[in-house]
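Straight from TrEMBL, the features:
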- 1-22: region 'Disordered' (REGION)
- 115-342: domain 'Radical SAM core' (DOMAIN)
- Cys133, Cys137, Cys140: [4Fe-4S] cluster binding site (BINDING)
- Cys177, Cys210, Cys270, Arg340: [2Fe-2S] cluster binding site (BINDING)
- 409-439: region 'Disordered' (REGION)
- 409-420: compositional bias 'Low complexity' (COMPBIAS)
Amino acid sequence: MVSRDRSTPTRGPGTWRKQTTCCGPAQRAAGHLVEVGRGAGAPRREGSLVVNQTPTPRPDVLDRAHDARALFDVLVAQGVRGEPATRAQALAVLGTPDEDLLDLVAAAGRVRRQWFGRRVRLNYLVNLKSGLCPEDCTYCSQRLGSTAQVLKYSWLSTEDAVAAARAGIAGGARRVCLVASGRGPSDRDLTRVTAMVGGIKTEHADVEVCACLGLLREGQAERLAAAGADAYNHNLNTSEATYADICTTHEYADRVETVERARGAGLSPCSGLIAGMGESDEDLVDVALALRALGADSVPVNFLVPFEGTPLAGTWDLTPQRCLRILAMVRFVCPTAELRLAAGREVHLRSLQPLALEIASSIFLGDYLTSEGQAAQADLDLLAGGGFVVEGADGDGRAAAVPGEPTTTAVARGAGATSGETGVTVRRRGPGTSVAPNA
């Protein structure tokens with residue numbers, strides 16, 4: 001203990017002032033001295049004298065932060081007017097360092113709230129026909145040559161399809177997505193699907209129905225629209241420049257043509273992308289700009305689920321931070337589109353899913369086509385925790401957690417089988433099984 005008079009310090013550089021907050025009663029009574037005005041560095045204690053050294057921000061950090069804020073301000077100003085980001089701006093968003101990530105999410109969130117407020121739309125997938133697809137898309141567990149141990153079954157009956165949709169609607173879904181594997185529907189297939197659309201609409205006229213059946217031929221989109229379908233989904237998935245790297249049995253132009261046919265028939269065009277297949281920043285920006293040019297009303301952003309038994313097995317290139325950058329980039333390029341968190345969100349975003357919902361305005365409830373999602377109640381808890389409003393819900397629309405029922409944001413594994421050691425859980429419930437769906 002230093003015994004000299006604390007009111008007249010005799011050593012050390014700097015200016016001294018009395019400070020009355022300290023640990024012991026003696027110090028609190030008499031006060032102790034704090035040295036101020038020194039250079040940057042960690043505080044240090046000299047006897048009872050606490051030396052307070054104020055850190056000086058690095059000029060390069062200040063410059064970078066200023067540049068990031070300036071970019072985000074411009075993107076927000078454009079986005080709230082419905083104006084898309086340029087290619088250069090979109091690339092800059094993908095290059096945002098982790099230090100600026102929260103500012104980026106906040107900026108993208110301002111654009112999201114301009115067009116969607118705190119609303120979140122719940123969508124529900126019904127896999128009408130699973131596996132045995134003749135196309136060779138490298139990312140797909142249902143592809144030609146896939147050895148992934150996914151469910152394989154032919155067409156559901158109309159009754160089973162309507163029942164599956166009913167479960168999702170009871171869980172809060174406002175859009176049901178009817179999906180079938182294959183290159184594209186035959187006329188007979190289309191007759192099946194139009195009956196399913198009609199059955200769902202008869203029970204739930206206020207629920208949207210989206211079909212996703214592959215490549216459409218002339219006149220098929222019109223048949224779906226006449227049956228009451230509201231939307232058609234066909235993803236571009238990646239840039240035109242690299243499309244041949246992920247599929248050789250059809251071309252990028254075929255996908256563009258299908259989206260255009262759907263839009264021409266009056267169906268809402270739904271088209272999105274898959275991130276995590278080894279693409280570059282340029283590829284991601286190019287596909288986002290292409291989706292904007294196509295006029296996609298809904299843009300699902302999928303994060304690769306790398307099933308064992310597919311060419312992309314073991315491809316885990318994404319981090320939660322990277323996923324947030326991708327979502328923000330798409331939001332700025334397509335500011336007024338319904339941006340949907342789709343497959344892979346649980347395993348790639350993990351604990352950052354709440355931040356992703358500050359950017360996206362739509363999610364899939366429950367399971368996906370061949371993999372299991374997190375428990376449906378965990379999805380609702382996620383929304384409740386963020387103060388989001390479920391579109392079309394009763395009352396004030398706020399998602400409500402169920403008291404006394406703990407849930408987890410991890411992917412539910414109870415009814416599924418794990419694909420290798422990847423953490424991917426193969427769907428073993430819902431359509432095509434005798435097990436109740438996750439809804």
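Using the three backbone atoms N, Cα and C, a Cβ is placed for every residue, glycine included.
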Chain-internal residues, separated by at least six, CB under 8 A from Cys140 ([4Fe-4S] cluster binding site): Cys133, Ser146, Thr310
Sorted by sequence, non-Cys177, Cys210, Cys270, Arg340 residues with Cβ within 8 Å of centre, [2Fe-2S] cluster: Asn123, Arg175, Cys212, Ala231, Asn233, Ser298, Pro300
Nonlocal neighbours by CB distance (under 8 Å) for Cys137 ([4Fe-4S] cluster binding site), same chain, sequence gap 6 or more: Arg143, Asn237, Ile246, Cys247, Thr249
[4Fe-4S] cluster site, defined by Cys133, Cys137, Cys140: further same-chain residues with Cβ within 8 Å of the Cβ centre: Glu135, Asp136, Tyr139, Ser141, Gln142, Arg143, Leu144, Ser146, Ser181, Cys247
Cβ packing number for Arg340 ([2Fe-2S] cluster binding site), 10 Å threshold: 23
Listed binding-site residues (Cys133, Cys177, Cys210, Cys270), ranked by Cβ neighbours within 10 Å, top entry: Cys270
PLDDT averaged over the residues of the domain 'Radical SAM core' (115-342): 97
